[in-house]
Amino acid sequence: MKNQSQWKTSTGFILASAGSAIGLGAMWKFPYMAGVYGGGAFLLMFLIFTLLVGLPLLIMEFTVGKMGRTYTTKIYEKLTARKWLNIIGWNGNLAVFILFAFYSVIGGWIIIYLFRVLIQLISFNSASLNKINFDHIIANPWLTILGQGVFILLTMIIVMLGVEQGLEKASKFMMPLLFICLIVIVIKSLSLHGAMSGVRYILQPRLEDISIKGILFALGQSFFTLSLGTTGMITYASYASKEMTIKTSAISIVIMNIFVSVLAGLAIFPAISAFGYKPTEGPGLLFKVLPSVFEQMSFGTFIYFIFLILFLFAALTSSISLLELNVSNFTKNDNTKRKKVAIVASILVFLLSIPATLSFSSLSFIHFGAGTIFDNMDFLVSNILMPLGALGTTLVVGYLLKVDVLKQFFGNDRFKFFLPWYLLIKFVLPIIIIIIFIAQFF
Ligand code: TRP
């Protein structure tokens, strides 16, 4: 996402923005959140929020990007002639900065697993995949810091070389492959003895499992998976060509995200009940459960390796846009400063990611607010900065932008629901975000 108007077609735009949006949120965070906050009840709330809140907000961010066409710490001033409103862009920038730091912890875990499985594969070692002990790995501070360092380094190199486009093109086949791989895992998982109670757990909403906290985190999850409030999606739309169709793109991304989240749920929960894991395992859930599923497959080690590559790819297409956002804001789209800014930002992110990773080992005793240091970073981003950013943008769009200009950018294609969308953005969504935002402090 370097130059303006770089995607000639709508499909190119969808691929790039979907690559950015679909990542650890759907595959890693969704199952772990659903496991902690009530399974089916969480899925139901997540679906409601994603369709009624997330989709209109995504359409809003695309519209703002298409109208403003510049980097996000400038776009609000450009659209409203009020400089101080750029604070919404800076809020987004702060959000992606912290997000990148804890995102890289999980990226590092993927890399460590990838190496473990690769070594097992090339040494024809037929030892059980279950030997890969998650608790053992994350208890090793040096190994995890190394893993996340490699993840950040990979991201930095891609951004410095400016080869994101190549990566985005590759997602044309990597994404479908990832979907297929997930479906294979789901089929295996569903065939396990005792799988059905896991299926019921994730698909059957039990009203008694709905809690205020669950509602809060389900909204945070919708924001996280759709990258809302971080201005990430605004940036993508600001680079897109005029032909890009906002609503078709937004709907495709929402559907893909729901699809991947549900698949991840159906891959994990049947295996949880079959093998007797705890759904409330937390951030390590996916990493603990999946080896047991691959263990049951023929060519399991090999398929696990392929899965980890695709998983890493999905995480990288997100992390490069996290870094890219910082680069475009701090270089003000001046490409000569690109390398320097990418390096400095990556080093700062790396430093910030160290306490995040240590909250699984030497700093695990530190507990406050939402939990460990890692939990608090996630909470700060998903439940505070992202909703605040989205709220700011709804107010700008609802009260400061001219309706007819908005309507023109919104487009007049197949989906002609401008008025309901506008009313939702202006009157309903700000109130929902404010209520849920305030509710968390009680
Ligand atoms: N949606 C991404 C995921 O699910 C995470 C994310 C949030 C993000 N905001 C972003 C990615 C901004 C890129 C840019 O993994």
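From the backbone N, Cα and C atoms, a Cβ is placed for every residue, glycine too.
Per TrEMBL, these features apply:
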TRANSMEM  12-30  transmembrane segment
TRANSMEM  36-59  transmembrane segment
TRANSMEM  94-122  transmembrane segment
TRANSMEM  142-163  transmembrane segment
TRANSMEM  175-195  transmembrane segment
TRANSMEM  215-239  transmembrane segment
TRANSMEM  251-277  transmembrane segment
TRANSMEM  297-320  transmembrane segment
TRANSMEM  341-368  transmembrane segment
TRANSMEM  380-401  transmembrane segment
TRANSMEM  421-441  transmembrane segment
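Just going by CB pairs under 8 A, the stretch in 36-59, 175-195, 251-277, 341-368 that sits most against the transmembrane segment (94-122) is 341-368. Below 8 A, the CB atoms of the transmembrane segment (421-441) and the transmembrane segment (142-163) form no more than two pairs separated by six or more positions in the chain, fewer than 3 in all. Taking every listed stretch (175-195, 215-239, 251-277) in turn, the largest tally of C-beta pairs under 8 A with the transmembrane segment (380-401) is reached by 215-239. Within the same chain, the transmembrane segment (175-195) stays apart from the transmembrane segment (341-368): fewer than three Cβ pairs sit under 8 Å, each pair at least 6 residues apart. Here the transmembrane segment (142-163) has Cβ contacts under 8 Å with residues 2, 100, 104-105, 107-112, 315-316, 319-320, 322-324, 327, 338-339, 342-343, 346, 349-350, 353-354, 357, 360-361 of the same chain, all six or more residues outside its ends. Away from its own ends, the transmembrane segment (12-30) comes close to residues 1, 46, 103, 106-107, 167-169, 171-172, 175, 182, 221, 224-227, 232-233, 236-237, 240-241, 244, 248-249, 252-253, 256-257, 260-261, 264-265, 283, 286, 311, 314-315, 317-319, 321 of its chain (Cβ-Cβ under 8 Å, at least six residues beyond either end).
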